[in-house]
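*Asks:* Let me give you the structure first, and then I'll get to my questions.
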């Protein structure tokens, strides 16, 4: 039976999981709490892929006190050998009496298997405590598993009249330092950041996390069908972060890019569906698309997005570049999104949207 106290302990487990948001890819972000006789005896979170899972960390901290205790975990414990052994085996060995799970594994081949194994071992299992919060925490992982592609965030900065750049392509800087700091937090949570080659040519960005502390850098991906990227571009400095150039050309320039440590992916079928399929194979779980207007338009037009984050500055540009033609000819055909959150960032606004 689920009680109010179960929700409190699960919220603690969720807060532990959030500490590692962005660092566990391609694994989910998971937290765990072990409670015995009303006292917390073990806390854990999954640090990164290849490291012990949250349940194992919490059980290790609890030690002998795990016998007869309750384990709270934000995602169904795994039953398979991956980078680490199954968590269900560790739970059964520990002597845990009850397990409370926030949400089931999204993989249809695995969903419910962990719960079933624990119940077959005589352990009481309850599922669905803080489920909505747990699913939202790992929405990137759920999409990655169920859609067979990365979770996609489209992010852009615009003026009050909806312009993303001037007619010459200039976009530095539309928004404030406060907005750029939040943008770097979003980068930190992503597995990879993607731009079109025009953005590299016009802005020469680093595409790294710089304004906030970080333990890792996202993979930088450039869509460059004709291999136009300048060899002097900052994004090609692979000492800062890994870089992938996706193209349909195979020539001498591709070899020069490889010499610089850049991974060059040559796709004959150069389209978003094939690109996203390849990125899934490369374990890119959360892809943040940062532009420019042409690249953002292509993702919107083909419906490849899960979240949109728009930074709005109190500036009016008049003529300029904005989201392009989506093939929409009536208001009824407009892409509809759901507002999730609005924040004030100095003079700017940032609005988070989810697709319906």
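Even glycines carry a Cβ here, placed using N, Cα and C.
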*Asks:* Can you pick which of 116, 281, 283, 290 Swiss-Prot lists for the same substrate site as 171, 187, 207, 210?
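*Replies:* Same substrate site in Swiss-Prot: 290.
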*Asks:* Would you count the other C-beta atoms found within 10 angstroms of the C-beta of residue 87 (Zn(2+) binding site) for me?
*Replies:* 27
*Asks:* Starting from the Cβ of residue 199 (NADP(+) binding site), draw a 10 Å sphere and report how many other Cβ atoms land inside it.
*Replies:* 24
*Asks:* Can you give the largest Cα to Cα distance in Å, as a whole number, for the residues 157, 173, 199, 203, 292, 293, 294, 295, 296, 297, 298 that bind NADP(+) in the record?
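*Replies:* Taking every pair among 157, 173, 199, 203, 292, 293, 294, 295, 296, 297, 298, the longest Cα gap is 23 Å.
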*Asks:* Roughly how many Å lie between the Cα atoms of residue 294 (NADP(+) binding site) and residue 53 (Zn(2+) binding site), rounded to a whole value?
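*Replies:* The Cα atom of residue 294 (NADP(+) binding site) is 41 Å away from the Cα atom of residue 53 (Zn(2+) binding site).
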